[in-house]
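Engineer: Structure in structure tokens, see below.
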Amino acid sequence: MAASVFYGRLLAVATLRNHRPRTALGAAAQVLGSSGLFNNHGLQVQQQQQRNLSLHEYMSMELLQEAGVSIPKGCVAKSPDEAYAVAKKLGSKDVVIKAQVLAGGRGKGTFESGLKGGVKIVFSPEEAKAVSSQMIGKKLFTKQTGEKGRICNQVLVCERKYPRREYYFAITMERSFQGPVLIGSSQGGVNIEDVAAETPEAIITEPIDIEEGIKKEQALQLAQKMGFPPNIVESAAENMVKLYSLFLKYDATMIEINPMVEDSDGAVLCMDAKINFDSNSAYRQKKIFDLQDWTQEDERDKDAAQANLNYIGLDGNIGCLVNGAGLAMATMDIIKLHGGTPANFLDVGGGATVHQVTEAFKLITSDKKVLAILVNIFGGIMSCDVIAQGIVTALKDLEIKIPVVVRLQGTRVDDAKALIAGSGLKILACDDLDEAARMVVKLSEIVTLAKQAHVDVKFQLPI
């Protein structure tokens, strides 16, 4: 799925979790990346920092319907009885039941109920009720969810269509074109990553001037190149124009339709929709961001959002608390350079309070894999003494018993050092980032070795 080149630095970090983002943004590197189509224009692919909001399929489909885009008839059901009612109302001889989870690979997933597959075709309202009862309230396990799985709280019940042809269509932002780009392919209904790898020439791109907007001629030209029959090229282009309007209206970073089809009646339909929204637009897209399903997120991500912290949990054992995304990335890099593995990305921003620093420590220490913590602060806008007070408060309140290495530089750093020195806590201070990284890696290794030898080692604070 998906072909947005802008998964950015934060989303690149997310891939370190050993599972891929829900939309296959990794495909972008193949479709639009170093050896992909964009380089045919002599342009260097660049990245921007952003974090995307993903909505459930049924929510995305409702937005499409609102925009006048053609979609199959259907409705969300939050209980087996509702699934029965929707299937009966549709009146089709067969309907499709789709589990609503924010993870890819659902078709090949397995529910904790034992049901195989998150997309099922049923042939009666009674069967719709029976199948949905094995989905709703159950966890679905896919390659992307890992062993934790994702809870399915509702299903999408929709009419079954019999497509003559399937196509792929997407809109994303492409920095090297300085605006949006349409992406199309005659090979829809399959994994776009496979298409990009095996037949990259099957991927067609159409840049859009951000000031002029999409022209009907551009949409018509793309529809023709994608292979839509002449009698429905106009209809396909109309849907593309409506999707582009939706893309702009809601500050989307990606809209992916896979597949867009010509059905047995000759109509153009969008059978599936994945839409990502730029979190930077939350202040003006309240309608969209109120739809976020926190049951699909890590509990720590929810806590981080409530504390206004930028947090992404990873698979390592060294907790990181840093101000600024760039410095956070550099901190993680230098930890890796010295043989360590970061347990998280955590940017407290430039205006963090003592409360936020305490909440940041709560987030870090809620991960039982964390064996040591590195705090790396450069005080520009941020005042180092505020961070220091937060560290002292957190260590006392949370009774943290793992080693904490602190590197502070910048505004009011002397006050911060005095505060830490006078706290009576055993906080390991370093002026040099390289030295701090070496130290925290060594400390994590000591604790790891002790655990492997079944030796109980604790770093008592204070000593």
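Keep in mind that glycine also has a Cβ here, set from the backbone N, Cα and C atoms.
Because the structure is a prediction, the values reported are computed rather than measured.
Pasting the relevant annotations from Swiss-Prot:
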BINDING   LYS98, GLY105, ARG106, GLY107  ATP binding site
BINDING   ASN258, ASP272  Mg(2+) binding site
BINDING   ASN323, GLY380, ILE381, MET382  substrate binding site
MOD_RES   LYS78  N6-acetyllysine
MOD_RES   TYR84  phosphotyrosine
MOD_RES   LYS88  N6-acetyllysine
MOD_RES   LYS88  N6-succinyllysine
MOD_RES   LYS129  N6-acetyllysine
MOD_RES   LYS139  N6-acetyllysine
MOD_RES   LYS143  N6-acetyllysine
MOD_RES   LYS216  N6-acetyllysine
MOD_RES   SER279  phosphoserine
MOD_RES   THR341  phosphothreonine
MOD_RES   LYS368  N6-acetyllysine
SITE      ASP94  site 'Important for substrate specificity'
SITE      TYR162  site 'Important for substrate specificity'
Engineer: Give the maximum pairwise CA distance in Å, whole number, for the residues ASN323, GLY380, ILE381, MET382 listed as binding substrate.
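Structural biologist: Those residues reach a largest Cα separation of 10 Å.
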Engineer: Going along the chain, which residues six or more apart from GLY105 (ATP binding site) have their CB under 8 A from its CB?
Structural biologist: THR142, LYS143, GLN144
Engineer: Where does ASN258 (Mg(2+) binding site) sit by DSSP, helix, strand or coil?
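Structural biologist: In three-state terms, ASN258 (Mg(2+) binding site) counts as strand.
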Engineer: Tell me, by DSSP, whether GLY107 (ATP binding site) is helix, strand or coil?
Structural biologist: helix
Engineer: At the level of the C-alpha atoms, what whole-angstrom distance separates GLY107 (ATP binding site) and ASP272 (Mg(2+) binding site)?
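Structural biologist: Spelling it out, the Cα of GLY107 (ATP binding site) and the Cα of ASP272 (Mg(2+) binding site) are 13 Å apart.
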Engineer: Counting other Cβ atoms within 10 Å, pick out the least crowded of the recorded positions ASN258, SER279, ASN323, THR341.
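Structural biologist: Counting other Cβ atoms within 10 Å of each of the recorded positions ASN258, SER279, ASN323, THR341, the minimum falls on THR341.
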Engineer: Tell me the Cβ neighbour count for ARG106 (ATP binding site), meaning other Cβ atoms within 10 Å of its Cβ, over all protein chains shown.
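Structural biologist: Around the Cβ of ARG106 (ATP binding site), 24 other Cβ atoms lie within 10 Å.
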Engineer: What's the CA-CA gap between LYS129 (N6-acetyllysine) and ASN258 (Mg(2+) binding site) in angstrom, rounded?
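Structural biologist: The Cα atom of LYS129 (N6-acetyllysine) is 27 Å away from the Cα atom of ASN258 (Mg(2+) binding site).
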Engineer: Where does TYR162 (site 'Important for substrate specificity') sit in the DSSP three-state scheme?
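Structural biologist: DSSP assigns TYR162 (site 'Important for substrate specificity') to coil.
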Engineer: Under a three-state reduction of DSSP output, how is LYS129 (N6-acetyllysine) classified: helix, strand, or coil?
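Structural biologist: The residue in question, LYS129 (N6-acetyllysine), is helix (DSSP, three-state).
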Engineer: Could you tell me the C-alpha distance between TYR162 (site 'Important for substrate specificity') and LYS98 (ATP binding site) in angstrom, no decimals?
Structural biologist: 17
